[in-house]
Structures are given as structure tokens and as C-alpha cells.
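Participant: Grabbed the feature section from Swiss-Prot, which reads as follows:
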type	residues	note
BINDING	C52, C55, H121, H196	Zn(2+) binding site
BINDING	A61, N77, D78, N185, Q200, K345, F346, L347, V348, F350, E351	UDP-alpha-D-glucose binding site
ACT_SITE	H198	active site, tele-UMP-histidine intermediate
BINDING	E214, H313, H330, H332	Fe cation binding site
Amino acid sequence: MPDKILDDISHRRYNPLTDSWLLVSPHRTKRPWQGQQEGAAVTTLPEYDPKCYLCPGNSRAAGDQNPNYEQTFAFVNDYSAVKEQQPDYEVDQSSDDLESLLLRAQGVKGVCYVLTFSPKHNVTLADMSAKDILPTINHWTRLYANHLSPSNPLSAVAAQLQLPISKEEAPVPKDNYRYMQIFENKGAAMGCSNPHPHCQAWTTSTMPEEPGKELVQMAKYRQQHGRHLLADYIKLELAKEERVVWQNDSFVVVCPWWAIWPFEVLVLPKRHVRALVDLTADERLQLAEAIQEVTRRYDNLFECHFPYSSGIHQAPLDGTPEEIENAYFHMHFYPPLLRSATVKKFLVGFELMAEAQRDITPEQATIRLRACDGELYRNKLS
């Protein structure tokens, strides 16, 4: 840290990705906890569940039947948050009347996908090897490539992709969209409605708030300094090492300086990668290795099925050449657990009304996660 005194005093830290601040209160880690505790997650699941709408061969809510897939499978969400077919909503926003100023709305079209990680109902990414995770990353890449606007400079890169042939082809959209958000909610504590290992990909005609804020900040930084914000940040973290959890030749996992969640991590490529389609075959495998390392260490930390929300931020599907070039691929992991398998962090009170706050410092979290290397804890129990 810049000054060891920050280990003991309350202070604020700046997040250059979102142009925001958070309060850090390391002295509060000693306070007793008498609040809510989460129930321990169920850990015994069958390899196949005849009632699960994600297992191979089963029927889904809308009546469609899943194929007997062997690796990954993607389909349009039966309960999509956005739709491809709906009336256009056009409103004149140029008027200065109060309704136009204060009651603004914007129509959003899109399509939401569900993508399974494995045909097995009882595994998570932490249980899978990097080679087992790789087909999911390949499928993410196909899905992203299929949705790129023809005018996007990345379309030419996507056309040269050589991905392994898959029995389950990635869906193709009916329209061009602005952004694709790939994310996973793992565990009931994060609102996951089905324990079968899966993620989602939502494509929208508008730019969502979080990646939009990051793209604005990355553009400003590059304009001011002539370099990429995250490239400079990686250089700094690799030199200092105190927040580096793990790394391989292509990726580094850090507990970011500005982390809000207790054991939040950021997965970053060591070279400028704009989007999934920029990754080489070896880099996709090394990304799978990074994801496996993060999720295994999470589970080992409190010896539980560690809940989290994770997501990929990358270049838009449709954007100017400059906007695409400003983008820097990265993956966020936001886990809620704080002290044990049953005590989680709540974003309430001061954090809702004022600004984000954390107790354990990212440097302390890094030390804890580094120590969670090794075999997955539950494999030692069997």
C-alpha cells in the first residue's frame, strides 16, 4: 500500500473505472456479528435431475425439449427480460416541458440467452478443469461473434476465428444490438433460481449503465494519457504484487484497489484485448484456467459452495472504431460472503444513501485468497 497507516485508519479509495469513491474501514473487522446469517447451501445434488429444465433431454418451461448435449447448450431464455419483437417507442425529447425533462423513457429491444456449463447437474465451475470450462468460453465467443454488427471492426477478426466444431451451434439474432452482457449468478444468496451450472447472456439495443460508465472512463483516460487505463493498472499491480492473487502467462487475477465486495476480484488479460474474439486459442484456455482458479479458491476459502455474481465487460457489439479500440476486456467477480459461509455483506444504510463501504482491505483479502490454493476442499472429503 502507499502508506501502511491505511491498514488501520478509515479512508476513501478511488475507482477510475467508474469515477467513484468508496469508504474503507479496516478497524471494523474486529466488531462482533449478531446479524443475519445465511443458511448453509445444499451440497448433495444428483448428476441428473429429471425435474431440472436445464438437464439434457428435459422439457423447459415453454415446452421445448433440451437436446442430449454433451458440453454446453445455449437457448433463448423462456422468461427474457427484453424482447426482439415489440412496438417501437419514440418520444420527442427536445421539448422543455416538465414531463419531457423529468419523466423520460427509452424503449429497449434485445434477446436473453441461457448457456449451461455442463450437462451434469451437480457440478460448478470450481469442480471443472480448465479444459472442461473451455467449451463454455468457446461458446461465449461464438455467441458474441454472431451478434457483432457488420460495421464493427471486430467483425473482421471474428470472421478469422477458428473455433472447435460444436454440436450445439450458438444462436443468431434477428437484429443488430448495442451490447452483450455475459454473467453468472451462482448460489441462492445471489438469486440463482436453478443450481444446474449455467450463465446468461443478455443483448440489448441500448448500452447498459455499468459497462457504459467504464467505457466512458477508459475513453477519457486514453485521450488524456495515450494509453489504456487497465493496461496501466495491470502494469502497476504486477510491479507492486500485493493485490495479485494469481497469474499465468496471459491473465492476472487481482483484488482491485477499489473493490467494494469483501473478496471481489478482477480478471485481466496482460495484453490489450478488446473482446472475446481477440483471444487466441491458447488465451481462451488460459482464461478458463483463471476462472477455475478464482472459483476453486472461493470455495476453499470458507469450505462451501461460494456464491457470487460474475460478468464480462468488453467492446460493444455496435460502436465506432474509436469506441471499440478504447475497450479493454475484463471479468468481474462480486461475492457477498464476508466472515464465513453464513455471514454475508449487505449493501444497505450508508452504502445505499451515501457511498460504498468495506471493512477488510483488498490487500488482506488477497492474502486470504492466495492461501486457498490447492485441491478443492470437497474432493478431499470423498
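Cβ atoms are placed via backbone N, Cα and C, with glycine included.
Context for these features, please: burial, neighbours, distances.
Facilitator: Around the Cβ of H121 (Zn(2+) binding site), the same chain contributes L45, P46, E47, Y48, D49, C52, L54, C55, P195, H196, each under 8 angstroms and 6 or more positions distant in sequence.
For the recorded site, F346 (UDP-alpha-D-glucose binding site), the DSSP three-state label reads coil.
The C-beta environment of H198 (active site, tele-UMP-histidine intermediate), restricted to residues of the same chain at least 6 apart in sequence and closer than 8 Å, consists of L54, V114, L115, T116, F117, E184.
Summarising the environment of E214 (Fe cation binding site), the number of other Cβ atoms within 10 Å of its Cβ, over all protein chains shown, is 23.
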Participant: For A61 (UDP-alpha-D-glucose binding site) and H332 (Fe cation binding site), determine the Cα separation and express it in whole Å.
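Facilitator: Per the Cα atoms, A61 (UDP-alpha-D-glucose binding site) and H332 (Fe cation binding site) stand 30 Å apart.
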Participant: How many angstrom lie between the most widely spaced Cα atoms of the UDP-alpha-D-glucose binders A61, N77, D78, N185, Q200, K345, F346, L347, V348, F350, E351?
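Facilitator: Between the outermost Cα atoms of A61, N77, D78, N185, Q200, K345, F346, L347, V348, F350, E351, the distance is 40 Å.
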Participant: Going by a 10 angstroms cut-off between Cβ atoms, which of the binding-site residues D78, E351 has the sparsest surroundings?
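Facilitator: Per-residue Cβ counts within 10 Å for the binding-site residues D78, E351 bottom out at D78.
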Participant: Can you tell which of the binding-site residues H313, H330, H332 lies nearest to F346 (UDP-alpha-D-glucose binding site) in space, using Cα positions?
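Facilitator: Among H313, H330, H332, H332.
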Participant: What is the separation, in Å, between the Cα atoms of V348 (UDP-alpha-D-glucose binding site) and H332 (Fe cation binding site)?
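Facilitator: Just about 21 Å between their Cα atoms.
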Participant: List the binding-site residues among E214, H313, H330, H332 whose C-alpha is within 10 Å of the C-alpha of D78 (UDP-alpha-D-glucose binding site), in sequence order, or say none.
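Facilitator: Within 10 Å Cα-Cα: none.
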